[in-house]
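What Swiss-Prot records for this protein:
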| type | residues | note |
| --- | --- | --- |
| ACT_SITE | Cys380 | active site, nucleophile |
| ACT_SITE | His514 | active site |
| ACT_SITE | Glu516 | active site |
| BINDING | Ser13, Lys186, Thr187, Lys188, Pro189, Thr190, Gln191, Lys222 | UTP binding site |
| BINDING | Ser13, Asp146, Ile147, Glu148, Lys186, Thr187, Lys188, Pro189, Thr190, Gln191, Lys222 | CTP binding site |
| BINDING | Ser14, Leu15, Gly16, Lys17, Gly18, Ile19, Asp71 | ATP binding site |
| BINDING | Asp71, Glu139 | Mg(2+) binding site |
| BINDING | Gly353, Phe381, Gly382, Met383, Gln384, Glu404, Arg469 | L-glutamine binding site |
| DOMAIN | 291-541 | domain 'Glutamine amidotransferase type-1' |
| REGION | 1-265 | region 'Amidoligase domain' |
Amino acid sequence: MARYVFITGGVVSSLGKGIAAAALGALLQARGYRVRLRKLDPYLNVDPGTMSPTQHGEVFVTDDGAETDLDLGHYERFTGRSATKTDNITTGRIYKNIIDKERRGDYLGATVQVIPHVTNEIKDFVIEGNDDYDFVICEIGGTVGDIEAMPFMEAIRQLGNDLPRGTAVYVHLTLMPYIPAAGELKTKPTQHSVKELQALGIHPDILLVRADREIPEAERRKLSLFCNVRPSAVIQALDVANIYDVPIAYHKEGLDDEVLAAFGIEPAPKPRLDPWEEVCNRIRTPEGEVTIAIVGKYTGLKDAYKSLIEALHHGGIANRVKVKLEWIESEVFEKEDPAPYLEKVHGILVPGGFGERGSEGKIHAARFARERKVPYFGICFGMQMAVIEAARNLADVSGASSTEFGPTKEPVVGLMTEWVKGNELQKRTAAGDLGGTMRLGAYKAALKKGTKISDIYGSTDISERHRHRYEVNVDYKDRLESCGLVFSGMSPDGVLPETIEYPDHPWFIGVQYHPELKSRPLDPHPLFASFIEAATEQSRLV
């Protein structure tokens, strides 16, 4: 029977509930438990697929094609368990399900209300499909007091009574700010946050308190007294140098012990944290440093590239080097020479994106990497721009462009109208909806034997996650290959190009998929490990 941990947040947003949930999941896993993590998002969008990357951050795609919150990326990276579409739900999805049921007549004429219909839908989501797990950790998005989060708070309050006694624990993450003028940490914001949570009928079992310095014992006792939790359940969550220090830091503070004690599991199995200690040791004591330029469109909000950033650091862990990132807005290269920006970097990465803005700058970056023999990694849009660059400057297709940018006589990149998913033919039109209509989720690809990318994978058959509606036009394949660009990977039916490379280049690879979504600190993705290895070699030449 599964036990449930509900994680809420207070005082301010962006405190790191997702990291806290993921770290707790990793600690319970290290003790041999089977763990599932789920995210409840209060916003009214059905999913984050159509939300601006500069507002919401990255859209994390699962194997089964769900567009989800970026916290699911943290869950996967810390636990190694692949998330599914049933691990994330939004208020928009909840209401859509309820309205569909009402239209079908499922409620038999009843007046549909927030309580019980919305809360029941949330509760059904939380408890469904958990028979194979020992612990289910549910993160509730937003902050206590947000009007959008009220139905979720009510639902998890009810679950405390619905579930068998002793199978639900509430963890509240708060902030303890330091006031320089007073020279001390303040408990009052946490007191008020807990008071508001208690007013909703939820009494936290554990307080996880963020702070930028050690919390004095007297202040912990004060929080224990005023917030009605055990002194041992006031856990300090101090700032750390990198997020992969968090599991060990929380273990030292006793978070996992306190959670297990709250469930009455004593004595608990000892955790095996050696792999995490090795990761942290590699990060703390690098044997070198490489600089990677990320030429992107959404560089104003780094969360738009969260999985990408982490995957690059995983590549650094694999090679025992520190990875320094240089962020460059691609529009800069449409007005300026890229050379001064790129001459000193050891690798260039052009990530995914949408729309014409900044595309020419990405094309210039690809050309610089090709001509100067700098390691280049093009992901999704980054692969498409590298192919357009090759078409223009190697194959003499002067008008080469993408139909995403408007009508063109040379559609080297075009809208996908048909592709195969499993045994079904998927069809799309330019006039269709934006939400949920891309080529989403895991698809297989066949790599050409003897190519660099097949050597990196150690296989010719791979499966990777996709999120795109435009694709390199296979009609240009022969023309481009005659100029030296190799289409090293295709969809199994041979219709959709998946990977490209230059055999005479130290490391120039483009992929239509998103390998960053499957990289883990304990298991770095081979492409990122190889890219950073190539950048390390380049660093010895610059």
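Yeah, the Cβs are placed from backbone N, Cα and C, and that goes for glycine too.
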> In angstrom units, rounded to an integer, how far apart are the Cα atoms of Ser14 (ATP binding site) and Glu139 (Mg(2+) binding site)?
Replying inline: 13
>> Averaging the per-residue pLDDT over the region 'Amidoligase domain' (1-265), what integer do you get?
In response: 95
> For the L-glutamine site given as Gly353, Phe381, Gly382, Met383, Gln384, Glu404, Arg469, which other residues of the same chain have their Cβ within 8 Å of the site's Cβ centre?
Replying inline: Gly352, Phe354, Cys380, Met385, Ser402, Val413, His468, Tyr470
> Where does Glu139 (Mg(2+) binding site) sit by DSSP, helix, strand or coil?
Replying inline: strand
>> By the count of other Cβ atoms within 10 Å, pick out the sparsest of the recorded positions Asp71, Glu139, Glu404, Glu516.
In response: Glu404
> Cβ distance under 8 Å to Thr190 (UTP binding site), same chain, sequence separation 6 or more: which residues?
Replying inline: Gly10, Val11, Thr174, Leu175, Met176, Leu207, Val209, Leu223, Cys227
> Considering only the binding-site residues Leu15, Gly18, Ile19, Asp71, which residue has the minimal Cα-Cα separation from Gly382 (L-glutamine binding site)?
Replying inline: Asp71
>> For Glu516 (active site), which of the three DSSP-derived states applies: helix, strand, or coil?
In response: helix
> Do you see any of the recorded positions Glu139, Cys380, Phe381, Met383, Glu404 whose C-alpha is within 10 Å of Lys17 (ATP binding site), and which ones?
Replying inline: Glu139
> Where the distance is taken from Cα to Cα, which of the recorded positions Gly18, Ile19, Cys380, Glu516 turns out closest to Glu404 (L-glutamine binding site)?
Replying inline: Cys380
> Near the ATP site, what residues other than Ser14, Leu15, Gly16, Lys17, Gly18, Ile19, Asp71 in the same chain have a C-beta no further than 8 Å from the centroid of the listed C-beta atoms?
Replying inline: Gly9, Ala20, Ala21, His74, Glu139, Leu173
